[in-house]
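Per TrEMBL, the feature transmembrane segment maps to A:9-29, A:49-67, A:74-91, A:156-186, A:207-234, A:246-267, A:274-294, A:300-322.
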Amino acid sequence: MKRIDWRGALLRPQFAALAAVLLINWLLFPGFFDITLQDGRLFGSVIDVLNRGAPVAILAIGMTAVIATKGVDLSVGAVMAIAGAVAAVLVTGGASAIFAVAAALLVGLLCGLWNGILVTYLEIQPIIATLVLMVAGRGLAQLVTEGSIVTFSDPVLIFIGTGSLFGMPMPIVIAAVLALVATLIVRKTALGLLIEAVGVNRSAARFAGISSGLLLLVVYTFAGFCAATAGLIVAGDIRGADANNAGLWLELDAILAVVIGGTSLLGGRFSIPMSVVGALIIQAMNTGILISGFSPEFNLVVKSGVIILILVLQAPMVSQWLRARTVERKAQ
Amino acid sequence: MSIIKKLALAAGVSALLSSAAYADLSGKVIGFSQIGSESGWRAAETSVTKSEAEKLGIDLKFADAQQKQENQIKAIRGFIAQGVAAILVAPVVSTGWEEVLTEAKEANIPVILLDRGIDAPQDLYLTSVASDQVKEGRVAGEWLVGAVGDKECKVVELQGTVGSSPAINRKQGFEEGIAGHANLSIIRSQTGDFTRAKGKEVMEGFLKAEDGGKGICAVYAHNDDMAVGAIQAIKDAGLKPGSDILVVSIDGVPDIFQAMVAGEANATVELTPNMAGPAFAALDAYLTDGTEPEKFIITESKLYTPADDAQGEYDRRKGLGY
């Protein structure tokens, strides 16, 4: 087993970008790193970044696996809405919270399986196959909630969105556990290697004896599971299922997080932890804009400017040039 | 002519006149082209329109356009072909209506716009029933001025979607409402996209940025959903919404009345879903004796506080599909 190069890992542009965004936030708002204990849970802007970033981070975990197979899943935002709607309607209808959560996760798995079948057996391009559920899924969620925001007061569902474990908000705990488990599974077994092989060349992988069809099914189903988990969190957070807005456009944030994390959209090389870092960069930026006091017309411009900067720093040309310069300086 | 005949004739004429004067809409077929069901308010508008029509005995033909203008145009053409007595339209966009409305005009079918205006010659429609969004903001601002008196009050604002007309107008109205009262100032203003989740997230940011919320005296949200999200954020920060931080918003959805019952919201300005009531009244007058209604009928922007039977208002609204 190879040893992890911690120093090299920490020098990656993503960590530099995260540090830079956090630093700017601190300069804009000196209390940014203050953390206090409020009603038995940690309270502060940094916690907000982690807490609000959790749903996108969870989506990004599933999305990373999908993108590593040279696919993409546009339906995750809609699946979030469906999962939230199913859980909310079940608990308000008198079902137990455990049953509602299990049903929501099961629906997420089924949505992912549906995508996987379209991609694997019908060989529809992933962007089109998942676009179907992206459009239809929100409609399904609206059918489930009958168009209104279904509010609930079930303590278990609310706990998923706003509770805390040892002072740490639940969304952070869930995202961290999911990221850790997923990383261990893909890196401590051959699964990661198989996913990369399918992403680089599906036919070659099949000839090498990998059942790439089954692997794709598993990957899309996992993305659906992650989406359902994120959907439960956002529903629990506002104590209601908002089929029109839950997860709206979050698939794009998730893809962006994966790309910022350095996973190639062409498949192959991927990193789940770096995608989570990507999600945190996006959220650190969002939180920074909120506390900066800029007028909201600037939000999207500032956000896209920072993203361009991060992606340029990661571009092969720029990183080669930077490396050449450091080598030069060392030689002098 | 005998006196009896004269009397009979007079009675007959007056009966004719009176039946003309109260030519009610009962039994008339009226088409309603609704945008879709993109929000709870829209769903409530649909159900209130249907129940108003039922009250008057109108045979309402309902067409859901699913947010597409082409569907609305098709629906209007369908109504014209059926020869309905009148058409109600909640237009999804403001342009591109001249052709189909001219067809309706040529068929002598009056068209009434609900909730939103259009860019078209005014003679193409009978009237437009809508709320005054600037006034909604102003009513909210004026309530806050009265509520805080001479006290120093720093307000944070949760705006609607950037660039949308309710966000622009409700912001402007609120600023007009608090103008001239130097003790009130808007210290932070950000968009919460009209959603609960974003309203909560933005409010969390505001609370951190303003010393845990100690500097904030009131929050003004451009809709109730964002206010509901903000209320949760205030509670998470260990403060009491409704007393530590006043909450005022616009729309009048059931959940804000529930928050009022719990003492967590202070005021809301209603955007009434009953646009059809005034529309039917104007139509009745027009069909009866040709009374031209005003071109722009403005619905009332009523202020509700917990003193206005919040529980009752909640019960009245919860079945409307919000």
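Each Cβ is built from the backbone N, Cα and C atoms, and glycine gets one as well.
Note: TrEMBL annotation is automatic and uncurated.
Here the transmembrane segment (A:156-186) has long-range neighbours at 37, 40-42, 47, 50-51, 53-55, 57-58, 61, 65, 87-88, 91, 97-98, 100-101, 192, 195, 222, 226, 229, 232-239, 272-273, 276, meaning same-chain residues at least 6 beyond its ends whose C-beta is under 8 angstroms from one of its own. Against the transmembrane segment (A:9-29), stretch A:274-294 has more CB pairs under 8 A than any other of A:49-67, A:74-91, A:207-234, A:246-267, A:274-294. Beyond the transmembrane segment (A:207-234), the same-chain residues lying 6 or more positions past its ends with a Cβ under 8 Å from any Cβ of the stretch are 54-56, 58-59, 61-63, 65-66, 68-69, 71, 73, 75-77, 79-84, 87, 101, 104-105, 107-113, 115-117, 119-121, 157, 160-161, 170-171, 174, 178, 182, 194-195, 197-198, 246-247, 250.
For the transmembrane segment (A:246-267), the residues of the chain that approach it from at least six positions outside its boundaries are 12, 14, 17, 55-57, 59-60, 62-64, 67-81, 84-85, 134, 138, 141, 196, 198-200, 227, 230-231, 234-235, 273-279, 281-282, 307, 310-311, 314, judged by C-beta separation under 8 angstroms.
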